[in-house]
Amino acid sequence: MVTKTHHKLLGIKEIKPSENGRRVPLSLFEDYHEPYVVDKFSNKLLTDERTNKAYCDNVVTSSRYNVYTFFPKQLYFQFSKIANCYFMVVSILQMIPGLSTTGSYTTIIPLLIFMAISMAREGYDDYRRHLQDKEENNKLTTLMTPSTCVNQNHLYGNDKIRRSYNSASELQSNADDIDSVLGSNSSDGLSDSDSSENIFLDLDKLNKAGIVEKTTEWKNIRVGQIVKLKEDDWVPADMVLLASNSDSGDVYVETMALDGETNLKCKSPATELSKICSSSEGLKNIDATIITEDPNIDLYNFEGFAEIRTSEGKNSYALDNNNVIYRGSIIRNTECIIGLVVFTGEETKIRMNAVKNPRAKAPKLQKVINHIVIFMVCVVILLAAFCTMGEKLYYKKLKYTAWYIREQDAGLAATLMGFIIIFNTLIPLALYVTMEIIKVMQVLLLQWDIDMYHKPSNTPAEARTATILEELGQVSYVFSDKTGTLTDNLMLFRKFSVAGVSWLHDVDILMNQSNEIISTGNGKAKYTGRPSMASLSLEDKSRENNISELLDKPSISISNSGKSDSERVSDSSPIKPQEIKSSRELIGYIQRNPQTIFSKKVKFFLLSLALCHSCLPKKAKKNVEEDNRDSEEGSADDEIDYQSASQDELALVVAARDMGYVVYDLNKDMLTIKTYPNGFDASPVKEVYQILDIIEFSSSRKRMSIVLKFPDNRICLFCKGADNVILERLKNADMAKEKIRELSKQTNERKNAEADAILQRKSMEQQAMRASISSIGSIQLRNRPSLQLKRPSLQINGRPSLQINGKTSFHSNNNKTSLQLGSRPNSFDNYLRNGEEQADEVENIAENSKRSLHLQQAKKYGIMTANNNGSLNSIESYIPPDRLVLNEEYVMERTLEHIEDFSTEGLRTLAYSFKWLDKDEYEDWTRKYKEAKMALVDRNKKIEETGELIETNFELLGATAIEDKLQVGVAETVEKLRRAGIKMWMLTGDKRETAINIGYSCSLIKDYSTVVVLSNDDGVDSLSEKMTAVSLEIDAGSVAHSVVVIDGATLTDIESDMTLMTLFVELGIKADSVVCCRASPSQKANMVLSVRKKNKEKVTLAIGDGANDIAMIQSADIGIGITGKEGLQAARSSDYSIAQFRYLLKLLLVHGRYNYIRTSKFVMCTFYKELLFYLTQVLYQRQDAFTGSSLYESWSLSMFNTLFTSLPVICIGMFEKDLRASTLLAFPELYIIGRKSECLNLGVFIYWMSIAASQSVIVSFLCWYLYGFTALDDNTTYALCVLSFTSLVTIINTKCQVLEMKNRTKLNFAGWFTSVAGWMVWCLFLPALYGDKNSKIYYVRSGFYHHFGRDYTWWAALLIIMVVGILYDLVIQSIRKEIFPTMTDDFQILENDYEFRKNCEIEAFEQMKQGWTWPHESELLDADLENMSVKKRRFYKVKSFIKKGTTHQRKRTTTLPSSTELPAGTPSVVKKASANESNYKTEILPSGKMIRKRIKQNENDIITKKLRIKTKHEMITEDDDEDIEKIIRERVKGLEDVNGR
């Protein structure tokens, strides 16, 4: 019973497997042969033999709770907080009569209210998830259903349905047609007229057959129904394909949301099913059953078969993964398909891979708070026990002398419980609720951040939970998807090598049309009638002359502004621009010199791009307006849509199109290519090539080949594929192997040198950190420092460039270690800046290696020095002479070098080759190839073996490099996350080569990285040995940068062996990065869970954008969803959603760190004020014989936390910023404070509590000795109460609002004034609460007004106590910063320097430019001020004056000024500059902050100033009796001082 209840609450279902699989009848008219039930709407629902109930519906749920589980789960979650358990125990004790002195329900009622508030907020967050689930489940789709009867009613119904799809169709109501439909129900169900036609798109024929289309919501789809989908439709359930309207019957589906793969997958219906279901009569009369496997998580395998019953009997046909499409896929390049639903809802593959019972996430900080609460509970018990002992001692002493106690005692238990109840407020009851309030503001600040707003998609950052905000500042591991998260789902042809020369293809950059070239994720590209290069040259004749202006125009981008096309910066190596000529210059050279050997080789290479592919060109469909416009303009119908299952293929075809080789048409096996041999100005030439045979690409072959007949009847074989596969099939393969061996040797030497340099730097950094941490005491700034950051100038709106020149150091005296930026290798800041210097060093090693290689080539091949030195002034000097172009050894060596360079940049490389075939050779081979294709056994194997026969003795054509376009800022984000100490795992469903290439592109894998590839091909024993060896090398520190690569199949084997799994997880944690390819959604989730369980103290973060990432996102401590192109499924299931991966940088380094520090300081300040205040109560017990009497008046005591000390802890929890955001982004190393929990741990807690305890003792004794024992006018308890209360309120507010807050604003001072002044006002109005009644202990009515309030000694004592308490805290902080300075303390000092601030802002400009440059709401209102009414204008000016201190139009201080407004800090009154103003200059920082800097004067200026001749006016104003000799002596002394310098 308990187990059933547990499973019911968690939604766990234990279902036994079926005996013979799932049987789904294929019958349009629900004439089922299988068991079914009828629901309340009279619908037949097929039953699941495993449960004897109807198959589950198609509703999916990503929410965490339902009506039944919310309350039990939330109760468990709330009482997992130790403080709530503690207060529940205290409230129970309070309700026992006779124990409590503070009331019976003063704890239980607030506790229930606070818990209800927390539960309501969690319920609201989950309610939003339910709304998102509702949106998903209410999407519309189309069902193929039978009409109730084929008559006039049926026709009217059809009219309504048809118009929703084709408003131009007409209603056919001919009686003869109706009779023909009624009479068409033959037993065989097939009509000769339409049995072979895909006519299920023809609504008229469907209507005649009694089939109608019905629009319904996804949630209403059930197993056994037939669904009709159109192009770009999402698949609502797992379906077996029945038919498609494509000529070949193939269906292309996009599965990025399912498995993360970018390439479209080709699916096809079973041949026998397609023949029947492609006709209306066949679909109407089909009688079949689909038998499938039970629901499971395997995305890559499907087993089943179809039983088709005909008049001749029953036949069975096998079904596999190619015949099924899964929920989460999208139909692409196929106009229409129909399919039979076999799995729905939670039984679909994508939901089977999801986490069934997502946990309620609790922050790691809660565990620390629980430990603190347990500690404070022990303190309360100890204090209560101490006071109880004191009470017993005093009772024995005063039992007979104190007559008023009448020799009676309350008893040990009652006394102990009473003291526990009195001191229970040492643990604040409102701790968690106040934290919830604080987190609401933290969420709003996060969502309001304009820097994380994505303007193109109108998507801001969104928080779906506030529970784990502080964990954003504690992340140690990031698990990221690849497709759509790191990449932009866009393949671009970027580079190529031909005839030993490499070229950059940058047409998309020049035309700014990357979105036009390839529509992301749908396998399409469009040709608009003219090559892109033709557009560049013909749109404007003057464009060629002005192209440099186009490339060199100013840009806000800090990293790439002003770079020409030949200086493109690589994503994987952003330090050094690449000197390489563009394809635009190449085409220009070919058109000028068409007959050179080099030109002929290039043209043949470009022709191979246009011929060797599997793309399908189709004339683009146009609407009526476009057709009319084209006819008016007289343009040819040249718009072509390219369709392909692979985006790589599209990129290659588009590149050929850009360079003038247009794939124009494909008619059966005749491929038409349109070229521009005489230039783009001349008429194009069309050539027709006949496709003879195609040997398809496969994962095992890693290549594709095509045999074509040229227009001159020559037969040519083109082959493209992986470079290692092509090179071993060249006719000079031996020479290629030798060159590969030489290049590998040099590459290994270079990588070893780079790794040694990194290891040496790491060793130096560790020594520097130990030296700096142990010896840094104070930082004495003598000069204005500057931080040397290697960034180009920043030009915005005509402002002067912000240049950073020179290196300035921080020096300190007294033999203390100096903080020096730039020169000393063992400095603290040099450790922080090691990233750029390290990159410089690695780049220098790579450059020297390449220079050495080029020198060897120059000597070997007699290359001119100009060429060797890389002179790129002219295209002629860039291209080698004909003798080198014909030298196969030279071309091979250079091509291999280029392939290595392309791979290092993370580009996807392909090698191209060709060979000519004679007719006899081809005919002999094609006969064998046809036999292999017709084989019934091992067909694929025989096809590959036959292909091998002809794929030999190739000649090398060249190599291509395709860029899997990264999102903006991904490489920089990954690098800064690494500097922050965050290790990144990339989990993707893509293949290994693609994942590794992206790893290089995004800097996850370095050029010097040790890449460890784990594969089950080597055997289990080999895996264990390899992982152990690598782990030992990492522990020994002999690996500079390690990356582990593993595929899904190997991971499956490792997961089945716990020993191997433990080794792998330990290795992954030690490694710098991990790449897991071909991983299923469940494997992604398991990886996250394994790391989270291994390092329970570390925070894991998962980020993805597709439905296949949901399980991973829900398994991690923090789930981030990308609202990208794979849909919103991941974002809806995430904790936080952002639009781009680059926003993760500010989310973690800024908001995460701020939230962690805010929450930590809030917790510390809360316990600090409680201990500080209530410890005075404990100390006071000695003065009242431990009777339990309170020092403080009851009303004031009850308002202490609510009115007088709530604002300071709330303000510090909401608005604290210990460092500027630009500093945090410029120095990611500062993130370590959260990763290592440096703000909230046992040491920090003891430090704070020690200060609170010592201050409490100081305040208590000062109150007693300065006033309590010596008071003459009023020595009552109330005077002492107000004195102590006022001192404590002032000290607490000053510490929290002033001393602990770095980001002090007017809100802090307003909060300080409100709390302190509010207490004084409370004292004035408190007597009114008592009225005529008077307290027996506290003389409230008359004490303040008539006694101690008029006593000067009381006010003097108050002033002394407040000053001493605050000074004590200041002295402690100063000593701590002097002896134990933190990294934050040092950077707070550095931030006071304007040069440091400027350079930090330049470094962080890309992440913060939107907030600095975009207009603010107040600016828009200022601009519209004249259009406001007089009343609104006055109100706005008053509000503006309160907010900005002036009614003048002025920019806010954190943004750049526009051309129509005054900069931030501009005075309202203009004053004439004095003579001293000439010594200052004004500069505007990137953030818009205006600063004034003193100009350094050289010696000549000083001499001129000393010897300057006074004007007549100056001489008149001087005293006539001025001593001339004295003036001369002073000037001579000044000159001596100058010379002494």
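Yeah, the Cβs are placed from backbone N, Cα and C, and that goes for glycine too.
Whatever TrEMBL says is automated annotation, not expert-curated.
Small disclaimer: the values here were computed from a predicted structure and weren't measured.
Per TrEMBL, the features are as follows:
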type: ACT_SITE; residues: Asp481; note: active site, 4-aspartylphosphate intermediate
type: BINDING; residues: Asp481, Thr483, Asp1105, Asp1109; note: Mg(2+) binding site
type: COMPBIAS; residues: 627-641; note: compositional bias 'Acidic residues'
type: DOMAIN; residues: 1131-1382; note: domain 'P-type ATPase C-terminal'
type: REGION; residues: 551-577; note: region 'Disordered'
type: REGION; residues: 622-643; note: region 'Disordered'
type: REGION; residues: 803-826; note: region 'Disordered'
type: REGION; residues: 1446-1474; note: region 'Disordered'
type: TRANSMEM; residues: 368-390; note: transmembrane segment
type: TRANSMEM; residues: 410-433; note: transmembrane segment
type: TRANSMEM; residues: 1245-1270; note: transmembrane segment
type: TRANSMEM; residues: 1276-1295; note: transmembrane segment
type: TRANSMEM; residues: 1307-1330; note: transmembrane segment
type: TRANSMEM; residues: 1352-1371; note: transmembrane segment
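Feature map: annotations from TrEMBL on the structure.
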residue: Asp481; record: active site, 4-aspartylphosphate intermediate; CB count, 10 Å: 31
residue: Thr483; record: Mg(2+) binding site; CB count, 10 Å: 30
residue: Asp1105; record: Mg(2+) binding site; CB count, 10 Å: 32
residue: Asp1109; record: Mg(2+) binding site; CB count, 10 Å: 36
Confidence summary for the domain 'P-type ATPase C-terminal' (1131-1382), mean pLDDT rounded: 90
Pairwise Cα distance for the residue listed as 'active site, 4-aspartylphosphate intermediate'/Asp1109 (Mg(2+) binding site) [Å, integer]: 7
